[in-house]
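Q: Under the heading domain 'ABC transmembrane type-1', TrEMBL lists B:292-510. The transmembrane segment annotation in TrEMBL covers B:21-44, B:50-71, B:80-98, B:287-315, B:327-347, B:377-403, B:424-443, B:489-511.
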Amino acid sequence: MRKRALGVAALATLAFAATACGSSPSASPTAAPSASASAPAAGGGTLVIWADPLRVKPLQPFAEQFGTENGVTVEVKEISKDNQMTFLTASQQGSGPDVMIGAHDWIGNLVQNGAIDPVTFTEEQKASFSPKAIQAVTFDGQIYGAPYALENIALIRNTDLAPDAPATIEDMIAKGKELKEAGKVKEVLCIPVGQKGDAFHVYPIFASGGGALFGATASGDPDPKQVLLGSEESVKAFGKLKDLGEKGDGALRTSLTNENYIVNFAGGKCAYLVSGPWAISEVKKGGITYDISAVPAFKDGKPATPFVGVQSFFVASKGKNKALAQEFVANYVTNKDVAKALYDADPRPPALTAALEEVQAADPDAAKFLDAGKDGMPMPAIPEMAAIWEPFGIAENAVVRGGDAAKAAAAAQKAIDGALKN
Amino acid sequence: MALDVREAAPAGTRGRPRREITTAFVVSRIVVLAVAAAILLYAVPPLVATGSWVALGLLCGVSAAIAYLYLTRRFIPAKYLIPGTVFLVAFQVFPVVYTLTTAFTNFGDGHRGDKAAAVTAIETGSVRQAPGSPEYTLSVATRGEELVFLLVDPATKQVSLGTADGLTPLDGARVGVTGKVLAAPGLTVLKAPEAAARGQEITALAVPTGDGVIKANGLSRAVEGKAALVYDAACDCVRGNGGTWTADESQGYFVNARGEHLAQGWQVNVGLDNFARVLTNPTISGYFAGVLGWNLVFALVSVLGCFALGMGVALALHHPRMRGTRVYRILLILPYAMPAFAMLLVWRDMFNRDFGLINQLLGAEIDWLGQTGTARLGVLLVNIWLGFPYMFLVTTGALQAIPRELTEAASIDGATPFRAFRRVTLPLLLVALTPLLISSFAYNFNNYNAIALTTDGGPFPADSPQVGGTDLLITYTFRLAFGAGGAQFGFAAAISVFIFAIVAVISAVAFRRTRKQEEVYA
């Protein structure tokens, strides 16, 4: 009796295991033309969108609406770590999404890895975006993504302590030092430096001091063959950072890091903060009355141009449903309501002019940030940019601690040249 | 086990003792096999989708072997060996082989796919909209089985039929207000869901025109475009934009006469290049000795510090007159029980010069992580704090196993407690713990987290942004392989091989010495 039970069970399991293999070859022809063929009557196709945690929720209703209108299933999946790398690895293995959301400065690297396709906009669509957003997502003469939000850093000041927006960096430092001597604040300026520097936040000051990263090609794009970090102008700019540093005015300090600089401002420990729209919620929590203006320039200096980052939707080259992805990116998310919903979830100024106008009316901060970034430079999207961040940051850290500007600039230039040669 | 052995014996003439087959036995066997089968089944669809027939064949073979193995009464030892072997192959042998093979390629950013993928990416990426061409409103229809495009020029409202053969004007179509075609004679216009279901066919369809093609841009628009760059198989090159880029199989790039290359490359075998680069690149070999020296010090001090501290505490708590040992034990395990990631970040903030707890407690102004000496001291302190509870735990365990009579005998023989410890307890402890100390050394030699999360290699001198004061080989090379030049998996794999070799040699020497030591004690 027992023996027979075992035999039956064994047969059943064997049959089960056998079907695992047996059914697969016959399944392949139907599986090949994507999942779509499986249920053509009920519509078909699945659109998979990958987004970071902040954007999953606001995107959901629009994704669903798009799904109903086109009779497809739309899946918005949250990716929270190393998004660019995860996307590249998954694309390569064929398990990637159809639509990816990310910053425009990924474009160079994604293109060299063949991971995204160009997006075609009509002239009318192009005109509906802010020109800077279109410039940012353009790489090598092609538009590679649908932009939806712009972000740049600005000077946020505590209006109780510093009622007037400073006209120059010198004014700001003087006021900051005055407040510090009076014991009203503990820091002259809250800007992250840390042990490895922070190229993104210090860039407007560096640019105002005359520093530059890349030369320009004939078409006006950054030219990776001309790294200018070691140039004479950049050395001067590093010299100015040194003057602002720990052995000078004490405005730049390595002990202020990405983890504590906003907290310090929100706690009233400094009058000025250099940060982006992402800092606002914490500043509000601290109960600070604040105003936003552009990062000032040095007296007689060049404009203090911040980097402008553009959040974008990309069409994955290896996606299973590219027609749907194109439809979604080129013809759907360029919709004003989507832009506004994303803004509500994460208040960065929309790239779509119409959405921006509506947002501005309700939220003056968005307009002020955008105004502060109007001279900004879209972050170079070339893959070579990856080589800049760390050596630049370390050179910044070195001069802030009082190191020699010429030496630091030359070492950074050498490191970058070495990396780009490979 | 004994039962199984008897079972394995050849069927004798007498009724051999059989393992009793209970319901629980049958059920558990079915459950285990079903789970195994389910896992294997789960792997089938992705393999089919990617067309990995070899892997699929392998999978089927393995499943059949497993099913056969566990459904027969024979091969008893294999039943025990197979699971371990499968895991060994999957988690040890495969990664090592994969790392080794990757080390000989240029796999990394710009070289992720194969040549065909690079060509596709180059061609699709270079498609430009034909100047002055209309942006058609697209409707998808079928003519019999064939998928066709109905294209409406928004300016002239002219409807055209687009097929793989070309573009022909179409009369009699009814156009809706949005510019989409609602109906056309002899054609079935697809509704949105039906069109979406045939997305791949829509993407694939190219309607040839004078000197370009009309392709769908989503499901509702189509544009005429032309690829600026076209691959020519005859010369194995890419032409266009007034230039010719010839495939260079040694670099995995299309290169033109001036030595410039197109962005998209492919993966090729580069032989020993990656290894040669590690040895000859001045930024790597120049700093190698210094980094290796500090790395050895870091690993040694971490292990010995953890061991000394852990053993000291364990001895103190092992003392018979110690009270409240349970409370102490719980407290001591806390650092070990906390997630190291979070703790390392907390320590980093505590070392902050102006806002950190340590300076505030000491009333000092020390830039802990800003100077090489203090930064090294800092990471060592943090690492010992994180690691000593483990040593404490294993030492406590080992101490329990050493009979107290031995030390008592030593003290009766007139040995001082220290002498008894030195001559009796410590050697016995070391016999048990040396393998753990060696593996702990290997672990700390590659302790990426401890450095990356506290100092991230820093502080960096002004004149060398590549190598910081606390960089270990692993953090330093991680920066080289994944920092500036984008991800370079091939290069990183070559470096891993070097690091593996260093750790393996040190461990092998240490194990040899331990064996000798054991002979002495024995």
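Cβ coordinates are placed from backbone N, Cα and C, and glycine is handled just like the others.
Quick one: where do these features end up spatially?
A: Nonlocal intrachain contacts for the transmembrane segment (B:80-98), taken as residues 6+ away from its ends with a CB within less than 8 angstroms of a stretch CB, comprise 62, 66, 69.
When Cβ-Cβ distances below 8 Å are used as the criterion, the transmembrane segment (B:377-403) is approached by residues 298, 301-303, 305-307, 309-311, 313-315, 317-318, 329, 332-336, 340, 343-344, 347, 351, 368-369, 425, 428-429, 432-433, 436, 440, 444, 447, 450-451, 454-455, 470 of the same chain, each at least six residues removed from its ends.
If one looks beyond the transmembrane segment (B:424-443) by at least 6 residues along the same chain, the residues whose Cβ comes under 8 Å of a Cβ in the stretch are 299-300, 302-303, 306-307, 311, 315, 387, 390-391, 394-395, 398-399, 401-402, 406-407, 410, 415, 503, 506-507, 510-511, 514, 517-518, 521.
Long-range neighbours of the transmembrane segment (B:489-511) within the same chain, counting only residues 6 or more positions beyond its ends whose Cβ lies under 8 Å from a Cβ of the stretch, are 99-100, 102-108, 111, 270, 274-275, 277-278, 292, 434-435, 438-439, 441-442, 445-446, 473-474, 477-478, 480-482.
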Q: Are there residues at least six beyond either end of the transmembrane segment (B:287-315) with Cβ under 8 Å to its Cβ atoms? List them, or say none.
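A: For the transmembrane segment (B:287-315), the list is 328, 332, 376, 379-380, 383-384, 387-396, 399, 421, 425, 429, 433, 437, 440-441, 444-445, 447, 464, 466-467, 469-473, 476, 502.
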